[in-house]
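**Q** Encoded as C-alpha cells, here's the structure I'll be asking about.
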C-alpha cells in the first residue's frame, strides 16, 4: 500500500525522523488559510501516489497566502501521470544548503534488504544511477543485525555525504530503518534529505526529511491494525473495497459476465474462455476477476456473490471450481447456502462448472437443490458459452 507524502510524514514524526509536517487541504482557500497561519513562505505540494510531481508542476513555492491560493488553484485537478490531484500539503518553505537521497527497500533478487544513499539528492534517483552510478551507494543490510548508528554512519559515508553531517545523518538513517521494520514497510524513501544552511560558528545546519515516500506491506495488515487509516477509500472502487473487507482477490472490469474461480490460474483461464465465448455473443466481456483461493465455504461464496452481483453491469455469473483440498461437495453446499443467505439479492443466473475431488457428490447437491438461478454445466467451454449467451439476453 503506497502512502501519500503527508501520511509518510506522519510515520516519520512517529519514529522521530526530523522534518516539517505541514497541513493537508483539498481547496485553494484552505491552502491560503494554512499559509496565513504559518506566517512564512510555503511550499504547496500535490498529494499523489507517484513521482515526478515537481516536473509536472505539482510542487510550487508561495511567498504569500495569496500566492498559495493561486498555486493551489493551479495544482488542484492537475493530471500527474494519470493521478488527479485532489489534496494538497502546505508546508513551511525550508532553506536548503545541500540535498541528499536515502532509501530502504526489499532487494528481492538477492533476498535481502537494501539501503541506498547518495549525495546527489533532489533529482530522480534513476537518473543518478544512470549518469553518476559512483555517487549512489547500494548497501546490503543484514535482516538480523539491522541498522545501528555505526552501520548508518557507514551507509552515509558510502553515499559520499560530507563529514560534518555524518553524525546527524546517521541518526536519521537509523530512525528510518526503525520505521521500515516497525511499520512492515517494503519501501521508505527520502528525497530530498536536506542539510539546512549553517547558523553560526560550529554549526553544520540541520538534517531534515523534506519529502517522503513509504510503501507498506499489505500482507502485514493482520499485525498492523493502525494502517487501515491510511487506506484511500475514496480512490478505491466500492466493490473492490467490499471484497477487500472479506479478503477476496477481486478486480472490477467493464464486462457483463461475473467470474468466480478458485485459484489464480483457473480464474485467469476462465477469464480467457469467457472473453473468447463473448466474441461469439455480441462482444460480451468478463466483468471481473475474483479468486476465492482455497476456501469456498458458504460465507466466502456468499461474500463473493454479493460482490459480483453488486455490479449493475453483470448479467450472468460463471462459477468455475476445481475441487482439490476444498472438495466439490463442500463448494456445492457453499453455493446453496450462499443463495439462501443472499435471498432476493441473488437475482442473476449462475452458470456452475465443477470438476475434481468429489465432483459427483457436488453435482448431486446442486441438482437436488434445484435452484432456479443455478445451471450446472459439465465443461468449462460450455459453461463460458452459456454464461456469455445469458449475459447477452
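Numbers here mean position along the shown chain, with the first residue as 1.
Even glycines carry a Cβ here, placed using N, Cα and C.
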**Q** Using only what Swiss-Prot says about substrate binding by 324, 325, 326, identify which of 247, 249, 262, 385 is listed for that site too.
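**A** Looking at 247, 249, 262, 385, the one Swiss-Prot places in the substrate site next to 324, 325, 326 is 262.
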**Q** For the ATP site that Swiss-Prot describes with 52, 53, 54, 94, 99, which of these is also annotated: 45, 87?
**A** 45
**Q** Work out how many Å separate residue 324 (substrate binding site) and residue 52 (ATP binding site) at their Cα atoms, rounded off.
**A** 47
**Q** Among 52, 54, 324, the binding-site residues in question, whose Cβ has the most other Cβ atoms within 10 Å in this structure?
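**A** Most Cβ neighbours within 10 Å: 54.
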**Q** How big is the ATP site in terms of the longest C-alpha to C-alpha distance among 45, 52, 53, 54, 94, 99, in angstrom?
**A** 20
**Q** Report, as a single number, how many Cβ atoms besides its own are within 10 Å of the Cβ of residue 94 (ATP binding site).
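**A** If we count other Cβ atoms within 10 Å of residue 94 (ATP binding site), we arrive at 16.
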